[in-house]
Amino acid sequence: MNTKQKIEALRDELRQHNYNYYILDNPTISDYEFDIKLKELQALEDKHPEFYDENSPTLRVGGAITKNFNTVVHDFRMYSLDNSYSKEDLLDWEKRIKKLVDGQVQYTCELKYDGASMNLTYENGKLIRAVTRGDGVQGDEVTANVKTIKTVPLQLRGDFPERFDIRGEIILPIDGFLKMNEERIANDEEPYRNPRNTASGSLKLQDSAEVAKRPLECLLYSIKGNNLNISTQFEGLQKAREWGFKVPKEAKLVNTIDEVLAFVNYWDTHRHDLPYEIDGIVIKVNNLYQQDELGFTAKAPRWAMAYKFKAEQVSTRLNEITYQVGRTGAITPVANLEPVQLAGTIVKRASLHNADQIEKLDIRVGDEVFVEKGGEIIPKIIAVDLSKRPESSLVTKYISRCPECYTELIRPEGEAKHYCPNYNACPPQVIGRIQHYISRKAMDIEGLGGETVALLVTNGLVTDYSDLYELKVEDVLPLERMAQKSAENLVNGIEASKQIPFERVLFALGIRYVGETVAKKLAKHYKSIDNLKMASILDLVGVDEIGERIAESVVEFFSSEENIRIVERLRAFGVQLEISAEKLANQTNKLNGNSFVVSGVFETVSRTELKKLIEDNGGKVSSSISSKTSYLVAGDKMGPSKRTKAEDLKIPIISEAEFLNMIS
Ligand SMILES: NC(=O)c1ccc[n+]([C@@H]2O[C@H](COP(=O)([O-])OP(=O)(O)OC[C@H]3O[C@@H](n4cnc5c(N)ncnc54)[C@H](O)[C@@H]3O)[C@@H](O)[C@H]2O)c1
Ligand SMILES: [Zn+2]
């Protein structure tokens, strides 16, 4: 694998983990491993700026919005946190800070609550809305659910600002979590895996009455707003407490990194005395003026750092190895363990990743294995206790056929995973592709969810996504839990998807490596599926930012007769396979060759519209300023660091009006 491929592979892998973690609430690797991979990617990207991609997981908050709630754009962006696992990292961070700000620096140390982030907006002392972090720019509005949480005050007391946002973590205390699980086990239901995922999953429930039954809490840690009259982080915590919020008292104001470390060490050993789980400590520059000076990177504040605790370990017996098949046909081996208590939860399964991993550790059924869990739940086997290996033990033989369709597996050169090549008929692949097709960022089909897709396939009602368009109410009615109304919604939702624009249809087709951004680029360049179908590899790599790997995958997709047949069926049903005339009319090349950074709040158009205008007129939008930036479009409340950087690089800063002039 060359460097570029390595970078892309890491990006793909991390995106998948983000999806598992934030959307499915079902991570498959530990946080620690995730963070190591992210750092590996960061290091490669730093070394190779030529492979810059604004959509890289290093530059984006990992979450996303779902299609089940109103989407709300945050007044103040919600960031992630940089993290560290060592004293050296903290000292480096301190050095970086001291270079950027003058004077004494004090730090607020807080516990890092392990739950789901939440932004609450209060107006005149009343909670007016609650929104999840989502992708950091916009989130899901879950006010009704959050209002059921007793520690969220609906009416504030004391001297609060007229309007402000306050951020916190929705958590599920361990006691409450265990009680919920007792009940589930008694009812013969699968127990929940850990408090974090259960808290996060609860917020996504459609029925608030169901949420109200869960003993969730909201712990607050930060206030945002204009003219708040608060000058330090620590003071903010005190004020929030006075207004009626639950702000844990463990937070401590300190003067040196040594004191920070003492705080970290204390909580590393005492964290199990807390009624809820924490996955580390958050250290913040206390002075808000200094915070302002430090600003943000694309993804996290420079003025804060998470120190994460290392994973805990236990040993247990490996009973069986089973194999799962994913949407792309990738095979994942899973260790089925003798259930064991680990960091507050019962562990029964662990991921084994791939054949190499099994071979490297020489893992065998019957072995006593060491299992580790980071902040996250699917634990990992890190070693075998060879002293306890039974004499009869046999070397693990990796499967050679797909456990779902019995096709012989292949292992493409240079890849760690085995794949089932039965693209058209292997059930998990077929189902996974259709689930992708209907997903929010793709065809966004209302009234049809992932589980129903699985039912449709297993009942033989559809075999590929084009079959969806032939479904009738009476076909789906006999399905489990399907009522007249939901059957109608499903059929109507499918019908409505015929209006989805070409670029999203292209993404929905599920062509390997053709993500949202690539689909947009291809749609814009080729304008119709027929043009794209004719494109050669050479032709494709000529398109801005389309690499060889994508080009090969596109050509391969259209070389399959089956795919062509499906696309033709989509056409016959009226799915959009070309850019609409109206859209074409609004597109120009006026901004060709120019790259824009957009920052701040705008008056006549929203930030999203502004970005769309840039792209529709042939320009490029990028999230951070570099020597390649042509213009910085500056709105209200633009961060001071962006301005300084643009000035340093002598990049023209233009106003919204000046920009609109350029394209008028
Ligand atoms: N295992 C996986 O597959 C997987 C996938 C994606 C992400 N992750 C984990 O999630 C991390 C990234 O998630 P993230 O972006 O939510 O970052 P994060 O959870 O590491 O840190 C940011 C979040 O911490 C929370 N927080 C808790 N207490 C806080 C306090 N006192 N002050 C400020 N914030 C506080 C906030 O909600 C904030 O959004 C990764 O580093 C990784 O560890 C794991
Ligand atoms: Zn198969």
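Glycine is no exception: its Cβ is also placed from the backbone N, Cα and C atoms.
Per TrEMBL, NAD(+) binding site is recorded for Asp31, Tyr32, Glu33, Phe34, Asp35, Ser80, Leu81, Glu110, Arg133, Glu169, Lys284, Lys308. Secondary structure at Leu81 (NAD(+) binding site), taken from DSSP and collapsed to helix, strand or coil, is coil.
Secondary structure at Lys112 (active site, N6-AMP-lysine intermediate), taken from DSSP and collapsed to helix, strand or coil, is strand. Sequence-distant neighbours of Lys112 (active site, N6-AMP-lysine intermediate) (same chain, 6+ residues apart, CB-CB distance under 8 A): Leu81, Ile278, Asp279, Gly280, Ile281, Val282, Ala306, Tyr307, Lys308. If you look up TrEMBL, you'll see Lys112 marked as active site, N6-AMP-lysine intermediate.
In the three-state DSSP assignment, the secondary structure recorded for Cys420 (Zn(2+) binding site) is coil. Feature annotation from TrEMBL assigns Zn(2+) binding site to Cys402, Cys405, Cys420, Cys426.
When pLDDT values are averaged over the domain 'BRCT' (586-664), the model yields 86. Residues or ranges marked as domain 'BRCT' by TrEMBL: 586-664.
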Please check each of the binding-site residues Glu33, Leu81, Lys284 and report the ones with a CB atom less than 6 Å from an atom of ligand 1, ordered along the sequence.
Leu81
Cβ atoms within 10 Å, counted per site: which of Leu81, Cys402, Cys405, Cys426 has the most, among these binding-site residues?
Cys402
Provide, as an integer number of angstrom, the distance between the C-alpha atoms of Asp35 (NAD(+) binding site) and Cys420 (Zn(2+) binding site).
29
So what sits near Cys420 (Zn(2+) binding site) in its own chain, CB-to-CB under 8 Å and at least six residues off in sequence?
Val325, Gly329, Ile331, Cys402, Glu404, Cys405, Thr407, Leu409, Cys426, Gln429
Starting from the Cβ of Arg133 (NAD(+) binding site), draw a 10 Å sphere and report how many other Cβ atoms land inside it.
25
Given that the record lists Asp31, Tyr32, Glu33, Phe34, Asp35, Ser80, Leu81, Glu110, Arg133, Glu169, Lys284, Lys308 as binding NAD(+), what is the largest C-alpha to C-alpha distance among them, in Å?
24
Going by DSSP, is Lys284 (NAD(+) binding site) part of a helix, a strand, or coil?
strand
Counting other CB atoms within 10 A of each CB, which of the binding-site residues Asp35, Lys284 comes out lowest?
Asp35
